[in-house]
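A quick write-up on the structure given underneath.
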Amino acid sequence: FTLLFSYPISYICSFHFLILFYNMQLDSIPANAFQGITKENLYMKIIKNGFKEIQSHAFNGTKLDKLILKDNRFLRNIHDNAFLGASGPTVLDVSSTALRTLPRHGLRHLKVLIARSAPYLKTLPPLESLIDLEVAQITYPSLCCAFHTWRRKHREKVVLALSPNLRRLCDGNYEITDTSGENLTDLYDINLQYPDLQLSLCPGPFQCSPEPDAFNPCEDMLGFSVLRSITWLITVFSVAGNVAVLAILITRHKKLSVSCFLMCNLAFADLCMGLYLLLIAAMDYHSRKEYYNHATDWQTGPGCAMAGFLTVFASELSVYTLTVITLERWHTITNAMHVDRRLRLRHVVAMMAGGWGFALLAALLPVLGISSYSKVSICLPMDIESLASQVYVVTILLLNITAFFVVCYGYVGIYLSVRNPNLATRHGDTKIAKRMAVLIFTDFLCMAPISFFAISAALRVPLITVSHSKILLVLFYPINSLCNPFLYTIFTRAFRKDVYLLLSRCSCSPTEFHRAKDAAAHAVPTEGRKSSPGKPRSLRFYAFHIKMQGCFLSKGAGTT
């Protein structure tokens, strides 16, 4: 009875049934703690104690049938050799403990594993050590994916190893000479003689709960291999484009203008979206083909929370900034003859402060429990279990749709304002319409599919699976962050001018400086000069608006 005297034990049937509970003063269960109790099968129930560890050889000399360790909330570690020298157990219950993993040895004959409400048990020992397991009730569905995947691969491995000998059996040649396979321990088993029976060398029937659901299927993060390449391509262009825009706009030696300030905000928001895609792509690469081993740590850890925060913040700030840019352009064009009505930088700063506050609040709510970023592997707030979460998701989507219609309405207003035949030719009208169409079309591509399927899912009428939603994530969701730096900044003459001047400042040659300065001067035409037809068309939409302002002001001065 080694060490049993220190345990207040209740027992019946000659120690066949042992209960140990409410011993809060215990720090650990040492080696050989139960040696010599009985030579018969033992049902051991050790619950609601204070020990933190079960040491090596703790169950040495016992024949364990069932071992119940649930509700030991301080239990963090079971030594890998805790079951060495013991027979069994066949049933192990570690529910409501702080265990981080199971022992690597001594569980080969385990048939039932119960680990409910064990939030720290996110990884499993090598599954070869659990080959006889038939029932698993665990906390996270990703661990069920690990079981199912391993058992499928094991079955395929066994069948491939047996296939040459099975062919000989089918041909009537019962003399088996190749027995070198790792798993071929008994090739004359009854299962081989009677092929209707299941191969005994393969694991038997298996039940695992919770099963992977629609939100957590047994697949890699991005699901489809082709999406990996597309994701990396979009990520590189998005991050590089927005970093270039921010670098040029911040280093320019000019007074900060309203347009430059708005473009900086837009580039920063789109850069955050690019960083989100970078996190997703990097984690997908790290966990490829075995995401189930990383799913719980990723989705419940800080990485997924950071990725989710970045994408919601970036999405809302980008949508808000695009709306402000549209309204500012519309206001500037329609009030071109009223200089005193123009928006000043302080006005726009106040407007963008409100946008930053809204974007931060929208991104923080899932962290605070309104919806959740841990529902799916791509860290979007898809949790709509509570009414508050459902209202949050639907509200965000409706606000984004409203912003899209505001942008459309603003660009239509701009087009109608500059369509005056005294100010622009029909060719000019067509160019303006094309530029507006490009901007609106990219917004539509980004917003329409995402909003449609997201609202249907938020109303509990999902039209696509999470696996298919990853296609939307890669192909449509980041369209704005990819296109905005090029459509609004990089493809403009003013941006090329800033690039020329920046390169000239990096040069030590005065001749090159003046040459770059002349090139910059020719990059943006003067008000009365038309672009030569031989040059490629520019997407410098905002410069055209400034040109229209000059036309309005000139006409106003002429009439007075």
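Easy rule for this one: first residue shown is 1, then count along the chain.
Any Cβ shown, glycine's included, is placed from N, Cα and C.
Going by TrEMBL, these are the annotated features:
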type     : residues : note
TRANSMEM : 230-250  : transmembrane segment
DOMAIN   : 241-488  : domain 'G-protein coupled receptors family 1 profile'
TRANSMEM : 262-285  : transmembrane segment
TRANSMEM : 305-327  : transmembrane segment
TRANSMEM : 348-371  : transmembrane segment
TRANSMEM : 391-416  : transmembrane segment
TRANSMEM : 437-459  : transmembrane segment
TRANSMEM : 471-491  : transmembrane segment
Notebook entry, point to check: What stretch of 262-285, 348-371, 391-416 shows the most Cβ pairs under 8 Å to the transmembrane segment (471-491)?
Noted result: 262-285
Margin query: Test of understanding: applying the rule of at least three C-beta pairs under 8 Å (pairs 6 or more apart in sequence), is the transmembrane segment (348-371) touching the transmembrane segment (262-285)?
Written below: yes
Margin query: Before we move on, state whether the transmembrane segment (391-416) and the transmembrane segment (230-250) share at least 3 Cβ pairs under 8 Å, counting only pairs 6 or more apart in sequence.
Written below: no
